[in-house]
Ligand SMILES: Nc1ncnc2c1ncn2[C@@H]1O[C@H](COP(=O)(O)OP(=O)(O)OP(=O)(O)O)[C@@H](O)[C@H]1O
Ligand SMILES: [Mg+2]
């Protein structure tokens with residue numbers, strides 16, 4: 001019963017949201033909705049306005065213009081009701097450094113209204129899930145950056161938030177912890193939690209999100225499902241490295257024969273080409289194998305955030321394009 | 001290895017079963033006060049030097065200014081220590097109150113206050129807890145310094161143990177009120193250096209243009225004027241009267257009233273600033 005009610009309400013509505021800090025426009029004219037139980041990824045470079053957006057939705061910052069509601073409550077007028085239903089892990093660690101991991105988790109559980117014993121049990125559970133059991137009784141001051149990050153994430157799962165805000169949750173995490181966090185987010189979304197996360201990585205957004213919005217200079221410049229966005233951005237790219245220049249030059253012809261448009265870097269012995277679909281890889285490998293060309297390396301890369309920006313190249317963003325992307329564009 | 005494995009395969013259950021969405025104001029204040037107290041008394045070095053500081057202060061003032069004891073207006077107190085000691089209590093209260101503000105700013109840096117601001121708890125309880133914990137710290141300091149003065153400086157006030165206890169109690173009330181002023185400054189200027197600069201400007205005149213070290217009658221007219229409107233003068237006069245077993249007269253209700261006004265005004269300003277963001 002409760003679940004149904006939760007599904008109806010747990011969502012986010014934002015219209016015409018803007019925030020200015022003196023002369024700086026951090027957000028402008030942002031419209032978006034997040035359906036209950038879905039994952040929204042907010043993608044954008046440094047200074048794009050991601051943290052500002054999350055902080056407004058989590059009632060830590062007041063909007064300058066526009067309206068935002070979370071779970072049906074206006075963030076500006078019903079902050080307390082919003083706070084009862086959300087949890088936030090900000091971009092920067094926000095735990096009590098003098099307390100241990102266990103102490104922190106118990107503290108936050110108690111503040112959410114958990115009785116002492118239940119708070120301890122919940123802390124124990126989260127310590128295990130986030131791999132903090134061994135360090136559980138040391139002050140957080142002594143933790144590594146990644147451990148602190150994990151504690152931060154655990155802290156926002158102490159209660160049962162209907163909406164979870166994660167501001168660059170995987171920054172500073174090692175690959176194992178990152179994969180673990182992704183699993184956690186998926187699990188939470190499946191069980192009905194609405195998740196808003198910010199990231200700089202298209203790959204992360206692609207893996208987790210039902211929808212992505214791209215922020216640039218405080219404005220939404222693109223939005224859609226990961227598939228839609230990638231379709232607009234273009235394909236994956238493959239880079240094949242050979243043992244010598246001669247093989248690389250030979251391979252260029254093979255690339256062309258199966259319909260790809262390769263770029264050769266004779267100094268690095270690499271050939272790069274966009275892949276229209278995954279199947280082409282097989283055809284490419286067969287063709288290279290026929291001539292016994294020896295591969296030193298083969299990588300397939302997803303389009304990066306830079307490419308999203310470049311391909312959208314709308315509006316007023318002032319981010320200097322990364323050198324790699326420029327080269328590929330002109331090639 | 002085990003822990004890592006667990007991390008990748010298990011995900012925490014969301015908590016439909018608990019529905020923890022907030023606690024009562026009492027729980028909040030209690031839990032947060034306990035947290036601050038643990039932080040304040042958890043580090044032995046911090047406790048030791050925190051307690052040493054007022055003792056050093058008292059020793060210095062009692063020796064450097066010992067000549068004051070023979071001045072008119074002080075001689076009647078039968079030793080400068082009897083005049084000085086109650087005032088020292090109040091000044092320690094002010095220094096500790098200033099620490100409450102600095103502590104709040106420091107916490108804003110480590111980020112835990114940032115999380116508090118996204119939790120369904122009242123800003124009042126966060127701030128109340130801070131001032132309660134600091135008042136508890138003050139209580140310990142006051143007891144230590146009173147014992148030190150009795151043992152080392154032959155402090156024997158005529159008010160006896162009860163008068164002394166009353167003076168300490170009054171000092172706690174005043175210290176609690178003062179801490180709100182500095183907490184309000186801290187929530188307004190969230191910058192340690194600026195906060196300290198502002199606090200020192202407030203602190204020195206309050207401390208010295210008062211009846212703390214010298215009777216007002218020996219001061220230049222303008223300092224006397226400042227001292228008469230200095231709220232600390234009333235707190236000091238009242239504490240002194242209580243400790244020395246004299247009638248505090250109007251100074252006592254006035255000091256308590258001023259402390260309450262400081263608490264209410266500072267509290268209202270701090271609570272508003274706490275939610276506001278830059
Ligand atoms: N308190 C503040 N005062 C003044 N300007 C601010 C403040 N907070 C943010 N800004 C400005 O607002 C803009 C957006 O900042 P925001 O922190 O939202 O970016 P972001 O997308 O989270 O960046 P990052 O990836 O670096 O975390 C930036 O230009 C920033 O300088
Ligand atoms: Mg940010």
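Please read every residue number as a count from 1 along the shown chain.
Cβ coordinates come from backbone N, Cα and C, glycine included.
Cross-referencing B:228-249, B:250-271 with TrEMBL places the feature transmembrane segment at B:250-271. The stretches the transmembrane segment (B:80-106) and the transmembrane segment (B:197-216) meet in space: the count of Cβ pairs below 8 angstroms, excluding pairs fewer than 6 apart in sequence, reaches at least three. The transmembrane segment (B:250-271) is not in contact with the transmembrane segment (B:138-156), judged by fewer than 3 CB-CB distances under 8 Å for residue pairs 6 or more apart in sequence. Per-stretch counts of Cβ pairs under 8 Å to the transmembrane segment (B:138-156) identify B:46-68 as the leading one among B:46-68, B:162-185, B:197-216.
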